[in-house]
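What Swiss-Prot records for Asp488, Asp494 is Mg(2+) binding site. What Swiss-Prot lists as domain 'KH' is 555-614. Among the features that Swiss-Prot reports, region 'Disordered' is placed at 691-727. The compositional bias 'Basic and acidic residues' annotation in Swiss-Prot covers 707-720.
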Amino acid sequence: MSIFNKVTKSFQWGDKTVVMETGEIARQASGAVLVNIDDTVVLATVVGSKQAKPGQDFFPLTVDYIEKTYAAGKIPGSFFKREAKPSELETLTSRLIDRPIRPLFPEGFYNEVHVVIHTISLNPEVDADIAAMIAVSAALSVSGIPFNGPIGAARVGYVNGEYVLNPGQTARKSSQLDLVVAGTEAAVLMVESEAQQLSEEIMLGAVVFGHEQGKVAINAIHELVRDAGKPVWDWQPPAKDETFIAKVTALAEGKLRAAYQIRSKQARTQALREASASVLESLKGEGVEFDAVKVEALLFDIEAKIVRSQILAGEPRIDGRDTRTVRPIEIRNSVLPRTHGSALFTRGETQALVVSTLGTERDAQRIDALAGEFEDRFIFHYNMPPFATGEVGRMGSTKRREIGHGRLAKRALVACLPSKDEFPYTIRVVSEITESNGSSSMASVCGGCLSLMDAGVPMKAHVAGIAMGLIKEDNRFAVLTDILGDEDHLGDMDFKVAGTTNGITALQMDIKIQGITKEIMQVALAQAKEARMHILGKMQEAMGEAKTEISSFAPKLYTMKINPEKIRDVIGKGGATIRALTDETGCQINIEEDGTITIAATEAAKADEAKRRIEEITAEVEVGKIYEGPVTKILDFGALINLLPGKDGLLHISQIAHERVEKVGDYLQEGQIVKVKVLETDDKGRVKLSMKALADRPAGDSGRPAPAERGERRERRDGGASEQQQQ
């Protein structure tokens, strides 16, 4: 009899088999499910506190996605040989899981919930993020924690005009789309994607396709819950004090309505603070006992009702616009004098100072991912300091939100970057958000494109982004173009679309409610396209095309090709040759396995010198050609002459002069510069040289020693021997 009460469910999902297990591992967690998809194994655990902390006024959900290096048969490369802080991929996956599950916890549920996902086995062809989302959905569903799930999730590719379910790494190389969608049976809740300039129709079709495929996982989770689910918690939302709500509403509504007639964000925020303080003072003055946290929550609800009702009634939005108008746009290029490329993009009260820097291949980011190492030559970083929203705050390590916004902007731009062959630079773009009132990530896309073009990057097309919002009550809804920060907080959807005049390059959607239909998404996409075209027009006016020359402060890249067999000659013993080249020419030199050499230099003359020296090193000695070089070594039977860098030839004693040479040192000295002709080379690379082939033959010299000469020499040799004998 086993001590485990193990329950297993398996199902076929496209061409993959999915197995879900619970009851054996991590039994003390509120819920734990192991998901195996073709050898990619993920363990998701969830623990919920039975009681909320006193004074808690928000839902404290934490999602931690962790990849274990042993999952891919690796040992961590750090000094301590253990997993350290989360990688960028782990942070992004944590956000990907958090976004669709957060709206499904009931309103007023403020108990702490911690979701931890471990990837413990990885098949490189099966992404762990989809397995993790299914495992989390199942773990929450069996835990008994109040949760209006389960959710399903799927990855969608687009290959040869057809949608592909959960494509692996290999299939994605030929796919025009990488889209992840998550949602319940009834509605889509989250979309994250990048695309190769695809139409709105294709993108919407991918969302619908992925949502339908996700329902297969939802059905399997329902079966798992039926056999292994724990009792649902007996949790009820706190009872509402209607009398107190009416009291606060009476005190606050007029002041809040007046505040939302103010168009400036700073002035409006100040008016809202004063309204809140006034309500608290009035309650104190009347002797009413209250919890300040609850009062603030009530004020937020009143604000939401005011703003939402005004928009649905067709009244102007918070800043006076209608639902389709984009805020005023100002663009300035080449803002910073010594950077490689820069742009200041301002849209209303949202502003991004975006800077592009060009580097060499050595500057590429080397990423040691679980599925394998690779180099990333396009880096995008997004920073948003507290002053951007007029707040006091701490400056510290990069936050999850900043990593997520940077990745979204990168997804939007990467489809329009030139290939490595066209533009071999490593590119880093940094977006500094200097003002923020909604849609700063999309301002980063616009500013990023302009700064890249300012840096001389030949972009395939201008790329612009826009954030859309939604207000929905029953059957009435309004789609909002270019949402403000307040409209984001008070609305039902955050829908970001980036692309070119030809199509969409990135799409991100987060929906806070259920019931968003395909028709609503169609309206949102059509309205987003209209706004995108408007912004693209403004960008094209400011910068019609990329600069034809890169900044004088950026490194210039020059490429050349050598025989791959000559690579070791350029590198030299222990790297001595390549080090000398870089030190003496002031260039960076990168050599690839196929013999492609990239020279990075700030001046053309330095690059030319490096190229000349590499050509010398890699040049082949030609038979019949005359070379001039120093004598490097004197031998008894000849001398070694340096013809090319690292290439010597043998000048035999018989080839030094037409007359007989008794001693090489009588004719040559080390360091002496001589002219020689190449007589022949053999298959081992040995070179035979001649000096006498270049010298005029003495008059009457047949080239053979005369008999008398030969006799005299014999006599001298004989005489010498006799003298020795006599002695």
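For all residues, glycine too, the Cβ spot is worked out from N, Cα and C.
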Which of Asp488, Asp494, all binding-site residues, has a Cβ with the fewest other Cβ atoms inside 10 Å: Asp488
Asp494 (Mg(2+) binding site) - helix vs strand vs coil (DSSP): strand
Predicted model, mean pLDDT over the domain 'KH' (555-614): 90
For the domain 'KH' (555-614), the number of residues DSSP places in helix, strand and coil: 32 helix, 16 strand, 12 coil
